[in-house]
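What Swiss-Prot records for this protein:
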type	residues	note
BINDING	13, 14, 45, 46, 77, 78, 187, 188	substrate binding site
ACT_SITE	76	active site, proton donor/acceptor
ACT_SITE	186	active site, proton donor/acceptor
């Protein structure tokens, strides 16, 4: 076991949604130490330009590598869709992304109608278009941008009248079309499971890919000889914005009361590399 194998895995999201992925990683890979970074100062990413997302994601992930992370999990569907090819081109550590769980949804659906709730940026990306073309099969796929949901979740609001009103508007057309499976295509959306069940009852099977991502990470670390052993260190939590929402969400989700640290990962003009790579397919 090398010293490098005991280094942390960096888990990155534009905000707090990636905590759902961190929870899955801790369950699947309890020996791995984790460093979670929320780029909350710049959230949400979902309605920003592809060039901005690629550049900002690269900047943040370079910072995580500088902190000693042995691998990175991009726990953000939007950042994965727009920037994972940038990261794999530029960084010397394994990079694991997330994508909407369309394949398991298609395998699960009995009505052959599947809903996808994701950010506008994810749904417009070439990566999602390829996924849709390759995985939808004989299913009808209804894609819906989740406008307004991420800012509410970032404030810890997962079940208010405002949240329920938005969800009803987004889900009712899917239910009317006889959808029986819903892909949670943003890592924030697992926090809305209770609210979704209140609206849809048991009519929708929810597909959350957090555990699949964790298992993929485990296989990648094993192949690279980077699996940790022994007792994991307590996770470190960092944010480029206000740390209080992060601390509150960790307490609610993980039952812990960490002291999150605020970090500054400065802005800069869009780099030519990121602008060029953002327009390339993965």
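Positions of Cβ are set from backbone N, Cα and C atoms, glycine also.
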Shell list (substrate; ref centroid = CB of 13, 14, 45, 46, 77, 78, 187, 188; cutoff 8 A): 15, 17, 18, 43, 44, 76, 79, 119, 122, 150, 186
Separation of alpha carbons, residue 186 (active site, proton donor/acceptor) and residue 78 (substrate binding site) (Å): 8
DSSP three-state assignment for residue 13 (substrate binding site): strand
Neighbour tally for residue 45 (substrate binding site), based on other Cβ positions within 10 Å of its Cβ: 27
Cβ-Cβ neighbours of residue 14 (substrate binding site) (radius 10 Å): 34
For residue 78 (substrate binding site), the three-state class that DSSP assigns: helix
Between residue 45 (substrate binding site) and residue 76 (active site, proton donor/acceptor): CA-CA distance (Å): 9
Substrate binding residues 13, 14, 45, 46, 77, 78, 187, 188: largest Cα-Cα distance, in Å and rounded to whole number: 12
Rounded to the nearest Å - Cα separation of residue 77 (substrate binding site) and residue 186 (active site, proton donor/acceptor): 5
Neighbouring C-beta atoms (10 Å sphere around the C-beta of residue 76 (active site, proton donor/acceptor)): 33
Same chain, 6+ residues apart, C-beta under 8 Å of the C-beta of residue 188 (substrate binding site), given in sequence order: 15, 16, 17, 20, 149, 150, 153, 154
Intrachain C-beta neighbours of residue 187 (substrate binding site), sequence separation six or more, cut-off 8 angstroms: 13, 17, 18, 20, 21, 75, 76, 77, 98, 210
For residue 46 (substrate binding site), the number of other Cβ atoms found within 10 Å of its own Cβ: 26
